[in-house]
């Protein structure tokens, strides 16, 4: 039905994900359309998705899909001013996208994380202007004593699933649950760095000289990293590529954790590139690498290890039969111009703590070998 709509493009389904969904663009707007199977015959009854009697009967995947609906409704009841909250949330999403920290699959923020954090700020400062709310966001969460959970209620879950222990954020629903998270040590470090950067640019709320455009300046990957992990995903057709990319991205966390186990930090840039020198439809990802020691990367063994995660079920094995992954370590000359162009950003951050100006520099004599 969706494929028949002229407004819909880039449609692909991910049936085997933890949250089964269809992902597409509707008139250019990206949409994640999750699927939940409810124990009702009449579709009109589905509007009562918060009914505890229904929730007791759904399977685990449907429960996760319905969590977003339940949380959205709860947040709408909790925030003191909906218009200010919506404006703050738009700003936070723009900031996260521009700074390369808005992609749940690679260990950064999902929309639900930013919604809960934004709602927390709005509840703490009910009379603040939208500008002040954004400043307070950076002030509060740059100093937040992680792993203390962020919660809009007094109740918090008694346990934390894998990936939630670094930045636990509680969904405002009953029973309380942690937001699903893929945060790792590397992505946690970058999120903290960006929160400190935001604080340095906004902490003087009395100043009329705040340059808001700097808050939303694109992240300068070319200035921060000398080496990148290049991930090329290819498939015979565009439709197969969309499914392949969606599936492999859902396994990216295992690749990040493998790099970290090798004492290599990673900044997984969520944006996709296209290599026009490759004949098949393809998507290219470039992740900044941080070498904490004199470590060499064997991309052959790295790929073998990652492929075990990609092909760990029938769905992955079927997709892999017609599609491909290539891993390599590249330097700045192989990075697209869009990533290598950057402003002289450090001069704008005179009060940023030295440890937050960037990740540890590449040590002398450290080689990244593909």
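Placed from the backbone N, Cα and C atoms, the Cβ positions cover glycine too.
Feature annotations, reproduced from TrEMBL:
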DOMAIN    1-79  domain 'Poly(A) polymerase nucleotidyltransferase'
DOMAIN    85-217  domain 'Poly(A) polymerase central'
DOMAIN    223-262  domain 'Poly(A) polymerase RNA-binding'
Counts of helix, strand and coil residues, the domain 'Poly(A) polymerase central' (85-217), according to DSSP: 66 helix, 6 strand, 61 coil
DSSP helix/strand/coil residue counts for the domain 'Poly(A) polymerase nucleotidyltransferase' (1-79): 28 helix, 19 strand, 32 coil
The domain 'Poly(A) polymerase RNA-binding' (223-262) [mean pLDDT, rounded to integer]: 92
Composition by DSSP (helix, strand, coil) of residues within the domain 'Poly(A) polymerase RNA-binding' (223-262): 24 helix, 8 strand, 8 coil
